[in-house]
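As structure tokens, the structure follows; a few thoughts come after it.
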Amino acid sequence: MKYIFPYIQLMRPANIITSITNVGSGFIASYCFLENMPILNYSDLIFLSLSTIGLYGGGIVFNDFYDSSIDAVERPYRPIPSGAVPKLHAGILGSFLFIVGLLAALKVSLLGFFISLVICSLCFLYNTSTKHNKYLAGITLALCRGLNLLLGTTSISSGLFILWPMAFIPFGLTIAISLNSQGEVQGGNKLKLVRSIWFYLLTIITFLIVLKTYNSNFKNSILFLGLYIGINFFYLDNAFNNPLPINIQKVVKWGVLSFIIMDASIIASFSNFYYGLLALCLLPISIILSKFFTVT
């Protein structure tokens, strides 16, 4: 277990759960809106979940792979710079995860395979290039999140073409997280925190517009939206009053975990409150995992 732990740590399992609910929200939305949810194809849901585990896990592993020299200075405790995971092994693990993600998506549909291929390409683009651009970094990650949500719609052939506006829901939150993550090591500044608030709000506005577009039930999502707002603004306020690295890290951590809450909101709005609550049950699991494995 001592040998395996650093490899699991590289994949950041707490984060991966957020990608599963991401896919799940697209999956449930497509079946509820297009099929009126008669029978869910659980086989497709399993393969799409496996696909996003591979894609997200691979992207995270390659993030540390390409950042190993920077982490050696800023975060020497990470698996690669600490020597717990040889860089070559990390590259092999990341490649394996991407292959699993691609093949699992192909098992569901050719369109899903194409989307997963684009996500892989965007991951490499981010890790090798756009990560170091303060404008393009957040946009690249937002595209990955949006496409990941749409990956969930590919179980139904027409899902992507009808539900594509849903891809914009995670954009604001992803960009806000990317913006705040720039202050994780040296601390943040209040101007960036204020800017990020607009992106948190953009997520809610986009969500409401999408609900209106598809005539979904907003009432089912009120509890989840309240939780999303309460958690994020609590940590934002704390960081604004004291922008130390530890407080910025908490903002980023809870921003990532709140994807689960936002996905629960989507699921509840398109289906019913109880399906949203079922998705939200993954949040405590992710929180527990975050105690053992880093999120940021």
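Glycine is treated like the rest: Cβ placed from N, Cα and C.
The feature transmembrane segment is assigned by TrEMBL to 12-33 (among others).
Residues annotated as transmembrane segment in TrEMBL: 45-66 (among others). Outside the transmembrane segment (45-66), and at least 6 residues removed from its termini, the chain residues within Cβ reach (under 8 Å) are 10-12, 15-16, 19-20, 22-24, 27, 78-80, 87, 90-91, 93-102, 104-105, 107-108, 112, 116, 119-120, 123-124, 126-128, 131, 144, 148, 151-152, 154-155.
Residues or ranges marked as transmembrane segment in TrEMBL: 87-104 (among others).
For 193-214 (among others), the entry in TrEMBL reads transmembrane segment.
The transmembrane segment annotation in TrEMBL covers 220-239 (among others).
Residues annotated as transmembrane segment in TrEMBL: 274-293 (among others).
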For the transmembrane segment (12-33), sequence-distant contacts whose Cβ falls under 8 Å of one of its Cβ atoms, 6 or more beyond its ends: 40-41, 44-45, 48-49, 51-53, 55-57, 60, 145, 148-153, 155-156, 159, 162-163, 166, 170, 214, 216, 256-257, 259-260, 263-264, 266-267, 270-271, 275, 279, 282, 285-287, 289-290, 293-295
